[in-house]
Amino acid sequence: MHSRALSVSPAPAVAVRATDIVKRYGGVTALNGVSLTVTEGEVFGIIGPNGAGKSTLFDILCGITKPTSGAIEVLGRDVGHMAPHAVARTGVARTFQRTAVFADATVFENLRYGRHASFRHGVLGRIVGSSSCRADEQAFQERAREVLALTGLDGDRDRRAGVLAYGVQRRLAVGVALMADPKILFLDEPAAGMNGRETADFIALIRAVAPGRTILIVEHDMAVIRELCGRALVVVDGRPVVIDEPQHVLRHPEVITAYLGADDE
Amino acid sequence: MQPSSTSAAVLAAEPARDGVPAPAMRPGPTSLSIWLLLGAAIAAIAAFGFAVSDPFIVTLAGYTCAFALFALSINIMLGGIGEVPLGQCVFFGIGAYGVGIGMVKLGLPFELSVAAALVISVAAAAALGALTLRLTGAYFSIVSWGLSGVAMVAATNLESLTGGPLGLFGFSALSVGPVLLTDPQSYFFVTASLLVAAVLFLVAVRRSPFGAAMESVRQNRHLAQSVGVDVTRVRLKAFMLSAPLAALGGALCVPYTQIVTPEVFSVANTVDGLLMVLLGGSQLIVGPVIGAVIFSIIPHFLELDPNVRILIFSSAIIAIMMFAPGGLHQLAVALRQRLRRDGHA
Amino acid sequence: MELLLQTIVNGVVLGAGYAVVAVGLTLIFGIVGIANFAHGAYFAIGAYGCYLLTGQGLSYFLAVPVAVLIVAGIGVITELAIVRRSLYGDAHHGSLIVMFALGQAIIAALILLFGPDPHPVPSPLGQTTFNVFGILVTAQRAFIFGCSMVVLAAFGLWLGFTVKGQQIVAVAQNARGALYSGINVPMIRTLAFVLGVAAAGLAGALLAPIVTAYPTMGHGALIVGFTVVILGGMGSISGALLGALLMGVANALFETYVSVSWTPALGWILVIATLLLWPQGLRGRAQLHRH
């Protein structure tokens, strides 16, 4: 329904719009008046020192945390009061920083869990082998093959996710997110803890999945932001400092101070 | 409800295209091995039922099957969504009291009493689940335990309905249609076939998207939510699925016990069921059944005092959780792997 | 009026005993990170220890500390053999099942050793009563109240003003940070567990002359302990004390004015109501389930 509305609009459609987001935990203000607009097809970065509130902002944008005040619109819908799983079903997927995969399940099972929102048949359909059950299964198998090829996980199909190397787990996390073919992909510090080789592989993977999608990345690793993002937002102490192209952002005096300060710890 | 037709349907749903062996829908046994296991189970049930003549042992086997239904119910919560439902005995008790009140107080036939108990158990699970499943982990377990405590006090005090501490007894015709449940052989065949049907149904559930959703919630609820799983709903559905199984188990225990007392709400029942689950392995669908068989056979042949039994089995739970959290099944798998590795070396 | 005051006084005494149980539970929650479902069993061991020692002719006043030491010894053994080896950092249901099973095993062992029936525990204070403005207080109840207050105060001071106490506080607030700053976290956890169950044992030993010693006597204490911990918030001694006193009084009032036969359900109903109304505790800090 909303795709028709998007296609008649001549200007680039808005994927994510946040207006004046404020988040308080008790007496602590984690975010203070953050606004941003990400257009469809953009790769957008969010950076800032530890504890600056970028993870809070990220959780608010993808609907997991509710803001104290302010509005969030994702793909033209107000998600401020939607349940997290309902936001996910509007075409939004995300990866997590720590618990990124279903650790007890195989790679292939992980992909099946990622496909959840697309399955239409129930227990009864499964018992009688209904046509929707077969169609679901076929669509899943096809999508899983594509995603396995894309993420380079073909050889690890039947391995338990928990035993995979860290960089491989991160690729699987993206694979799980891609199973629903999301329009918007949120990546929470995807390169944290990766070595140089793994980071390069990861950047290549994101480049490959970016066409046709909007991607938001929270990241500490400046190389990732520089390589991937068209624009980036800097958050320091819960307030927005600047939104610009990465090379400009990184030269901003307040960014330099904030990062140097953070490095002193 | 006929086991074989359910299994045929499970088989038919398996996709196989282009002559390439399709990957199994879900981890675990393929459909062929399910057929074989089903055949073996039916053969074993028939052989046992016809060959064993000692009525006491046959009745005990029937009771074991009934209690295994309760263990399956516990495992929907434990192995399914990763909660420890200490108060699952509430639904077990609803099944037993459903039969007791239905037959002794209201004069209903057994089948109708059981049906009513199942409906009530689902309704109770919906109401209790809506309230308590917001809680997770130890919080959920404490509240769940608490509910069983309240149920037990209520059953003791509401004498006009429950017969008070003495309970309800004096059942007239415990029968399903023309089949008398007071006959050991019939009792065993009825409970055993219901158990087989329940296992097959749970296999189908596990292979369905709902089963995958439960598993994803158990392993990582936040990630599950982010791929569109309505975690609250899945947990509630699992709870509502587990309740009638427990109630059925409780109802089918009545022909064996011949009395329903407030003790059916005792957490000791849950502990027994939990132990069966942990013995057999919570990630194996038939794990609770295997556990139930071990659990019933050993005390019978050793003629254990109930408290010695609790002491031994509680210690066994601790040992299992410390050394083989996946149950004896996991222990067997680990042993096989070690043997294979030694073979290669 | 006299009955009301008498009931409240009895409730306060009971609550003081509960507070000691709850503080132990809170300590184990906060430091070891598990819900100690076996807490009630240690409570019972304390009472049975008293029963056994007084039976051997030991004075009740000596029997209480010795019983507490026995509970602490059993606590050390279970911590080293079971808790330490399997449960730290356990985010799943393992710790819950293990502690629950441990509690069941201990209770079954008590039944096998002493039988299922209650055993009276004699106290030299049993027959003496004070009459304070028309309210009767037995010396035993006054002793329970006094001991509980002294122990709680001493524990609070110990936490606040000693090195070990401060280390416990540090581990409760940030275990990893504490580890990095050189605190022996496993040792602190053992200490916290042992102190926690010893508190339960003390409460059991103190209350035994009033309630007698019986195997499942810890159930009630455990339920109340959970309510108090959940209500009063984690790691708060004053919160635990206040919550326990309220619970004790509520129990006594309900028993006197509403129904004796429904009283066992009151604790459960309060636990359920507390968890449903304040799932994170009144102070919003209780973190039972760490994912």
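These residue numbers are counts, starting from 1, taken along the chain as shown.
Glycine is treated like the rest: Cβ placed from N, Cα and C.
What TrEMBL records for C:12-38 (among others) is transmembrane segment. When Cβ-Cβ distances below 8 Å are used as the criterion, the transmembrane segment (C:12-38) is approached by residues 78, 83, 87-90, 95-96, 99-100, 102-103, 106, 137, 141-142, 144-145, 148-149, 151-152, 155, 168, 171-172, 175, 188-189, 192-193, 195-200, 202-203, 206-207, 221-222, 224-226, 228-229, 232, 234-237, 240-241, 243-249, 251-252, 286, 288, 290 of the same chain, each at least six residues removed from its ends.
Under the heading transmembrane segment, TrEMBL lists C:58-83 (among others).
As annotated by TrEMBL, transmembrane segment applies to C:95-115 (among others). Long-range neighbours of the transmembrane segment (C:95-115) within the same chain, counting only residues 6 or more positions beyond its ends whose Cβ lies under 8 Å from a Cβ of the stretch, are 33-42, 44-45, 48, 51, 78, 82-83, 86-87, 213, 215-216, 218, 222.
Look at TrEMBL and you will find C:135-159 (among others) tagged as transmembrane segment. The list of residues near the transmembrane segment (C:135-159) in space but at least 6 beyond its ends in sequence, with Cβ under 8 angstroms from a Cβ of it, reads 2, 5-6, 9-10, 12-13, 16-17, 19-20, 23, 64, 123, 125-126, 128-129, 165-166, 168-169, 195, 199, 202-203, 206-207, 209-210, 237-238, 241.
Per TrEMBL, the feature transmembrane segment maps to C:191-214 (among others).
Per TrEMBL, transmembrane segment is recorded for C:220-245 (among others).
The transmembrane segment annotation in TrEMBL covers C:257-278 (among others). Sequence-distant neighbours of the transmembrane segment (C:257-278) (same chain, 6+ residues past either end, Cβ-Cβ under 8 Å): 7, 220, 223-224, 226-227, 230-231, 247, 250-251.
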